[in-house]
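Asker: Structure below; questions to follow.
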Amino acid sequence: MSEGTLYDKVWDRHTVTKLPTGQDQLFVGLHLVHEVTSPQAFGMLKERDQEVAFPERTHATVDHIVPTGNRDRPYRDEAAENMMAELEANVRGSGIDFSDPDSGNQGIVHVIGPEQGLTQPGMTIVCGDSHTSTHGAFGALAFGIGTSQIRDVLATGCIAMEKQQVRKIEVTGELGEGVTAKDVILTIIGKLGTDGGVGYVYEYAGEAIEDLGMEGRMSICNMSIEGGARAGYVNPDETTYEWLAETDAFADDPEKFERLKPYWESIRSDADAEYDDVVTIDGSAIEPTVTWGTTPGQTAGITEPIPDPDDLPEEDRDTAKRAQKHMRVEPGDTMEGYDIDVAFLGSCTNARLKDLREAAAFVEGREVDDDVRAMVVPGSQRVRDAAEAEGIDEIFIEAGFDWREPGCSMCLGMNDDQLVGDEASASSSNRNFVGRQGSKDGRTVLMSPIMVAAAAVTGEVTDVREMEEVATV
């Protein structure tokens, strides 16, 4: 087993006891709650006449079902209104801080945690959402959990978990023009597979990772679960500390920041740490990358041919054939030129201010293709407000994008923003499963925000490097 890694250090410091099951009981530093996976857990507490053990370590928001258009209450969708009302009652009855739509702080749970400084290095973080691994970008151990585990954490502040192995993924070299963190993680999943990380936590390292800002690191850690890993993280460094210093937690309390910084530095993986596996990927060889199929592992560089299923391992052939039939693609073709109907820029993977800035810089002076409906859904109210202060909203609106309120939106078919029929979308989200964006016949192509912007203006999947004024992001 691994030794001397950040994962080992943080795990050991949060272990309360070894359980008879062989699992460890871990103390949870931060529990993030949203409207979809928490009602049943709160209901179980009420049945047992239990209270939330650590409301001060719990924070709630609404994101999955909240409309990104008309937000007048009651919501048009009765189920959404009921979930919202139940969350409001549960959190306020428990004394839990709530970033509600009237607070100015509402947003996707994995966007608001980092921007408010709730997410910090060396913490254990859980949430009833698959993409909780996002917070690992700060050097935290962050895990998605199920309903019964949500109940356990609410009631005790602890969770039972089995320790994983640690795989170090080194991305060496410098990323090229038009290549982003999203391309890096799609490449990693494409190489290792959607189940390649089962039993592992991923530590991301190497020059290409170190050169990324926090937004890029969050995009990579966000999709760790899509590669089968239980979590993913990046060791904290000066880039991390600079972000944290400007958050609510520390902007007005620099002394607190200085007190905690030595701890953050101490949890970094040792120079001689031992890993269970090490994978090295040449970052300079990565090109803009998109999905061609119906899993995040079915990827190809924009100039690479779609594989022939018969050339794949036997266990992957049938899945690939079904995916190619659904997506209407042929082996040997590339995804460049694939027609799209919808361009979606949003989700917990890619809806932060930097994502919007870079896409807007590309879009400025261009127009959305006449046959494309395009939308931008900021990750939080703070992101939206900051973007509007910079005039980013006007750039998108003038180009023909719909500028919306924050929420999960078209990442999943759980709100009003959905594909219709067999529409094909260029999406900056994290999952391209059949039916994920609301229509069982819909087709989703995952890509970076700047690639979404390029697809929106051309009406097809486009190699952004072939267009003018492309920045390295």
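Backbone N, Cα and C define each Cβ position, glycine as well.
Pulled from Swiss-Prot, these are the listed features:
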REGION    289-319  region 'Disordered'
COMPBIAS  291-301  compositional bias 'Polar residues'
COMPBIAS  307-317  compositional bias 'Acidic residues'
BINDING   CYS348, CYS408, CYS411  [4Fe-4S] cluster binding site
Asker: Which ones in the same chain are close to CYS348 ([4Fe-4S] cluster binding site), with CB under 8 Å and 6+ residues apart in sequence?
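Answerer: Those within reach of CYS348 ([4Fe-4S] cluster binding site), by Cβ under 8 Å and sequence separation of 6 or more, are ILE108, VAL109, HIS110, VAL111, HIS131, THR134, ASN222, GLY379, CYS408, CYS411, ASN430.
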Asker: Let me know how many other Cβ atoms fall within 10 Å of the Cβ of CYS408 ([4Fe-4S] cluster binding site).
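Answerer: Total other Cβ atoms inside 10 Å, all chains included: 29.
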Asker: Just counting, how many other CB atoms are there within 10 A of the CB of CYS411 ([4Fe-4S] cluster binding site)?
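Answerer: Other Cβ atoms found within 10 Å: 29.
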Asker: For the recorded [4Fe-4S] cluster site formed by CYS348, CYS408, CYS411, which further same-chain residues have Cβ atoms within 8 Å of the site's Cβ center?
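Answerer: Output for this site, in sequence order: ASP63, HIS64, ILE108, HIS131, GLY346, SER347, THR349, ALA351, GLY407, SER409, LEU412, SER429, ASN430.
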